[in-house]
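Novice: So TrEMBL has the following annotated:
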TRANSMEM  A:6-24  transmembrane segment
TRANSMEM  A:36-54  transmembrane segment
TRANSMEM  A:60-82  transmembrane segment
TRANSMEM  A:89-110  transmembrane segment
TRANSMEM  A:130-156  transmembrane segment
TRANSMEM  A:183-205  transmembrane segment
TRANSMEM  A:211-231  transmembrane segment
TRANSMEM  A:238-256  transmembrane segment
TRANSMEM  A:262-282  transmembrane segment
Amino acid sequence: MSGLSFILAGMLAAATPFLLAALGELVVERAGVLNLGLEGIMALGAVVAFIVVYHGGGHVAAFGVAAVAGILLSLVFGWLALGLRANQVAVGLAVGILGQGLSSLIGNSYESLTITGLPKLAVPVLSDLPVVGGLFAQDAVVWLSLLGTAALWAMFRYSRLGLILRAVGENPQAARAIGYRVVALRLGAVVFGGAMAGLAGAYAATVYTPLWADGMIAGRGWIALALVVFGTWMTGRIFFGALLFGAVSLASLVAQTENWAVPSQLLSALPYIVTIVVLGIITSNKRLLKINGVASLGEPFGP
Amino acid sequence: MEPAPLLTLRGMTKAYGQVVANDAIDLTVGQNSIHAILGENGAGKSTLMKLIYGVETPDAGEVVWQGNPVQLTSPAEARRLGIGMVFQHFSLFETLTVVENIALIVAGPKAALAARIRELGQDFGLDVDPFAHVHSLSVGERQRVEIIRCLMTEPKLLILDEPTSVLPPQAVGLLFDTLRRLRDRGVSILFISHKLDEIQALCDCATILRGGRVTGRVDPRAHDAHDLARMMIGRDMPPPMQAEPHPVGEVRLELAALDHAPDDPFAVGLSAVSLRLHAGEILGIAGISGNGQAELAKLLSGETRLSAARCDEVRLMGQGVAHLDPAARRALGFAFVPEERLGRGAVPEMTLADNSLLTAHPLGLLKRGFIDRRREAEFTAACIRDFDVRTSGPDAEAGALSGGNLQKFIMGREISLRPKVLFVAQPTWGVDIGAATAIRQRLVQMRNEGVAVLVISEELEELFEICDRIQVIHKGHLSPSLDARNTRAEEIGRWMIGAAGVAA
């Protein structure tokens, strides 16, 4: 298998943890809330999903349990940040650390155990094409994530709910003045974000690399957070950003197997370097940020 | 039998900490009535409206709506009853289009909503493009969107909070026509204002508030402005004092074809702005808010700087300063009182003494790099005394002062610097009439002492009272200089909407 076809075949799966978490965070941030606890929520989702699969519960139950775990942890965040109006950055970091700690604790006796992932579902004919064929043989979660991305894009573009979320994020005072329950809507967004982060963790630990190792989320939550800004809060751009990260992280593997003259450490660091560079470019464009950005992001709101 | 009144309030009381904003207020709004709530800033008008619209809940009092007692616990509840509100600072979403803003309140497909918007626009003279983004609209257009948004819910009572403060004189007449048409179709209107002539022209009933209490319930058409003013401020209106003509000195501040395209896409760019300000005169910048005043103020104060190559676009005392920071400009004899008192003019959490230090430190308040607390307290006490600031003393927190008192303090601090050029943005915004008069007199006194004074204000009456010359800003363009003593308000109004001087 050539390097290119390897990357094409694997990049969707590599992108899925980023994508799921970032889409969840997109909804949260669009509603004006900044949840920095993604990394920890993903770790918790990962460990509970792994345990469910390891004990024979199957992947569907595993993803369900991971979503519930993500919701519970995000409710802690929601209670502190929205209920008590604590500083969202501080609470997000605290909840993230809590999630990572919990995942280490719960996963302690499962360290280095492995399970079986999910089978690939191939699109007939297309998956037999040379080079690009691998792109059309993906597991069920990848296909569902693609559907989910399209659904979210349509929600923000066409639906009333999307409009309301954007309104709440831009000007919560005004949204309340015209009769919306800002805190309830924001809590709903936080819960959705928590469930998505839990699913993202579950995918990472039970499908993408079906084994448990402490710290296996390895910064994916932070990259997902960066992706939301990277994509300037637009669903489509976040999708392509996630794809780019998936492809770049696979490129480092290709480099190692094919003995490229590039140091593999540099390639491993590439996703993070790309994040920094792109974030730098985007945040220097005030116009773009102001038009697409969320005006009340991170500000506590109380009626 | 007379029909039941639309809305009756009895004994409405609301306190914020020690401050009783509304003290046992009774109010009755009839059917098909335009009812004025008249009062100074701080009289409790806005609090009362928030109680009626359910934004705040009262500590005591009862509300009767069309004969039935009700609890107004949220704006959604008020809207369900048929109460709509147009806010003074608009509650529109800037990144959404007009029709999206309206879809947030009324369900329905966009095409149908857009048709309804056009229909209402024709019926009531509220013309606006349904698919325009709100951030691209003028202030007057935004107000129309707010009113349309309220009308879409078919309210029985429409509350307008100081609606004319954002409109040029010509648009006020149009708004009044719209409001009369609404009344004739069965919508009662609560019209909040502190402008007596507007209330006499429009309203059939007025409730006057002072210090949180009702001080009068009258038919404004049957009283003259003096009576209304006495009920509103508790004494006679101070007579307007037109500044006497005065010889002027050399040019102190000059803008030479200043262009500026701000980074912020919602801000207004300036193009070819030119003005000359002489010693011993007051130049006023009139205009509807949001036409570039904020950007102009930042360029003058030094908060926005240009490159050194363009330094001559802003000249102070004959020296190009457009590239200099605020401190360097102040060192040349420039003083600045910004529009936002809390946060830009003063730090709300700091004491008045520490706030004096912010700009007055060159007046010997420092000793070898350390703060001289004794001198600082003396300076602050002198400011408080000389400028009649009502406060407990130099140790009071700036945020605890009323708007008028804090403005007097900031003015005092800047005047004590003995500036050569004094620039004041919205000198009397949110200030009670007594303090406003004192501030205007002080500005005229500064002028008479030979200081060059530049004032940005949205209050045309204020500019006519104190200014020698007026220039009008509209969409980032500045009109030629107009003689304040020989120009009529209508002509300024034409410049305010960009209708003057186009063909000329």
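Even glycines carry a Cβ here, placed using N, Cα and C.
TrEMBL labels come from automatic prediction, so no person has curated them.
I would like each feature placed in context: is it buried or exposed, what are its neighbours, and how far apart are things?
Specialist: Beyond its flanks by at least six residues, the transmembrane segment (A:6-24) meets 38, 42, 131-135, 137-139, 141-142, 145-146, 148-149, 152, 192-197, 199-201, 203-204, 207-208, 217, 220-221, 223-225, 227-228, 231, 235, 238-239, 241-243, 245-247, 249-251, 253-254 of its own chain at Cβ-Cβ distances under 8 Å.
The list of residues near the transmembrane segment (A:130-156) in space but at least 6 beyond its ends in sequence, with Cβ under 8 angstroms from a Cβ of it, reads 1-2, 4-6, 8-10, 12-13, 16, 19-20, 23, 26-27, 30, 63, 117-123, 162, 165-166, 203, 207, 235-236, 239.
Within the same chain, residues 17-18, 21-22, 25-26, 29, 36, 38-43, 46-47, 50, 54, 96, 100, 103-104, 107-108, 110-115, 197, 200-201, 204-205, 237-242, 245, 271-272, 275, 278-279, 282-283 sit at least 6 positions outside the transmembrane segment (A:211-231) and bring their C-beta atoms closer than 8 Å to a C-beta of that stretch.
Here the transmembrane segment (A:238-256) has long-range neighbours at 3, 6-7, 10-16, 18-19, 22-23, 26, 149, 223-224, 227-228, 230-231, 262, 264, 267-268, 270-271, 274-275, 278, meaning same-chain residues at least 6 beyond its ends whose C-beta is under 8 angstroms from one of its own.
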Novice: I'd like to know if the transmembrane segment (A:262-282) touches the transmembrane segment (A:89-110) in this structure, counting it as a touch only when three or more C-beta pairs sit under 8 Å and are separated by 6 or more positions.
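Specialist: These two segments do not touch.
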Novice: At least three Cβ pairs under 8 Å linking the transmembrane segment (A:36-54) and the transmembrane segment (A:183-205), pairs spaced 6 or more in sequence?
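Specialist: The answer is yes, given that the two segments have at least 3 Cβ pairs within the 8 Å cut-off.
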Novice: For the transmembrane segment (A:262-282), find every same-chain residue at least 6 residues outside the stretch whose CB is under 8 Å from a CB in it, and list them.
Specialist: 219, 223, 226, 229-230, 232, 241, 244-245, 248-249, 251-252, 255-256, 288-289
Novice: Using a Cβ cut-off of under 8 Å, list the residues of the same chain at least 6 residues beyond the transmembrane segment (A:60-82) that approach it.
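Specialist: For the transmembrane segment (A:60-82), the sequence-distant neighbours (Cβ-Cβ under 8 Å, at least 6 residues beyond its ends) are 33, 35, 37, 40-42, 44-46, 48-50, 52-53, 88, 91-92, 94-95, 98-99, 102, 141, 183, 186-187, 190-191, 193-199, 201-203, 206, 300.
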